[in-house]
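So the structure is just underneath, and the comments pick up after that.
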Amino acid sequence: MNLPAVTPAKSDTASPMGEIIAVREAVVDVRFAAGHLPEINSALEVAWDGGAPLILEVHSHLDPRTVRAVALMSTSGLARHVMVRATGEALRVPVGEAVVGRMLDVTGIPRDNGPALPADVPRRAIHSDPPAMQTENASTDIFETGVKVLDLLTPLAHGGKAAMFGGAGVGKTVLTMELIHAMAAKYQGLSIFTGVGERSREGHEMLSDMNGSGVIRHAVLVYGQMNEPPGARWRVPLTALAIAEYFRDEQHKNVLLLMDNIYRFVQAGSELSSLLGRLPSRVGYQSTLATEVGAVEERITSVAGAAVTAIQTVYVPADDFTDPAVTAIATHMDSQIVLSRDLAAQGFYPAVDPLASSSVLLDPLVVGDAHCEIAEQVRESLARLKSLQDVIALLGVEELGSDDRRTVTRARRLQRFLSQPFTVTEKFTGQPGRSVSLADTLAGCRAILDGETDDWAESSLYMVGTLDEARQKEQVARKAAAGAAV
């Protein structure tokens, strides 16, 4: 889409003016007068007729008079000799109560066809340093999600960071949306959803779903969509962080920060790295990969009185978990949730791989001995089931020893019990969503491990909430079978 014609801006002494001397897609070179070179990461503005200014961000100084900037908007229609105004500061985006319930772009402009934001809305720079180490609150309080498999095997911490790893189509976005519901329902906190490289269709669907369910009243949506320049996708996590930091520091609110998909942030950085002429590193990624990821992740932390809990989805290219981008992101995480294509194909949702997923919080000193014992026994049962799959496929369960048959019986029931209907999928499945407390999850797994459900039909444990619900389902099935027999 072509932008309106450029109107050359008039120079003034308060705002140094520069002239565009080169445009290479999302990279723009600007020349200023001697002694007026803008600082790194400061914002530049190009005035357009009848529209918001095009925002550039200074990336490097080429010589004493020239800067190289990254465009945060489309540069279509931009030309040499156009005048640019230096703002003298980093991009500042709107924050506070006025943005709650709204969808914003990387520059903080509403994109939901709603009213304009108030003129006096507070603003905050997208670039800031992490809180001083002595002010950080290293909390180990558990963030209960109501999702059985997460609370049992990969507990999340208030103020911690968790990542959901998975390829395309395994349920990352659906699980993310369910966690937004959990934050609004259980903690009366604020959720900030960041769509990094999201498809426009997905963003529209999420906004519609949130409006329909009322969750939008407790959420802020910030999008850098797939069709936008790499600069927008590269900086949109910082816009979301600025909003989250305001609610944490100024209003002392708990914030759930969700990023879908942080891998697209890395991809955008890789695109810009090529446009900036840098030599690529392994697998074509930018040589500054670890630094860029660290700059985002280290700002996600908690201070006394308020927590920012971050959950990020990570696309795994070709399901290769050794990919440099995946490993760079994983090093910052407290909990790693791995979504399995095999489990998704079998209909087990959420398709969380209980053997590949992990959490540093699954420790007796944090969650208690009983929780750790049950989680370990569940993992052992599921690991044994996996190791026996080939034997079962060739010879059948009947050829196993009695101990292995018992283990397989209980492991299959555990698999089904850890599945769960979600609130966000109600309109597709027709099945009401379930949120299960940690106590009910532990009690249900304990009963299955003790053999209480050995004579139940496996289907009775599939897509239920608590064990009591499964018990009722089993009783109904038995009555129906008895009636059919008569």
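In case you wondered, yes, glycine gets a Cβ from its N, Cα and C as well.
Taken verbatim from Swiss-Prot:
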{"type": "BINDING", "residues": "G166, G167, A168, G169, V170, G171, K172, T173", "note": "ATP binding site"}
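Sequence features, as recorded in Swiss-Prot, placed on the structure.
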residue: G166; record: ATP binding site; contacts (Cβ under 8 Å, 6+ apart): K172, T313, V314, Y315, V316, V338, L339, S340, R341, A351
residue: G167; record: ATP binding site; contacts (Cβ under 8 Å, 6+ apart): Y315, V316, P317, A318, D319, L339, R341
residue: A168; record: ATP binding site; contacts (Cβ under 8 Å, 6+ apart): Y315
residue: G169; record: ATP binding site; contacts (Cβ under 8 Å, 6+ apart): R341, A344
residue: V170; record: ATP binding site; contacts (Cβ under 8 Å, 6+ apart): L339, S340, R341, A344, A351
residue: G171; record: ATP binding site; contacts (Cβ under 8 Å, 6+ apart): L339, A344, Y349, P350, A351
residue: T173; record: ATP binding site; contacts (Cβ under 8 Å, 6+ apart): E202, D260, T313
Residues flanking the ATP site, with Cβ no more than 8 Å from the Cβ centroid of G166, G167, A168, G169, V170, G171, K172, T173 and excluding those residues themselves: T313, Y315, L339, A344
K172 (ATP binding site) CB neighbourhood, other CB atoms within 10 A: 25
Structural state of V170 (ATP binding site), classified by DSSP into three states: coil
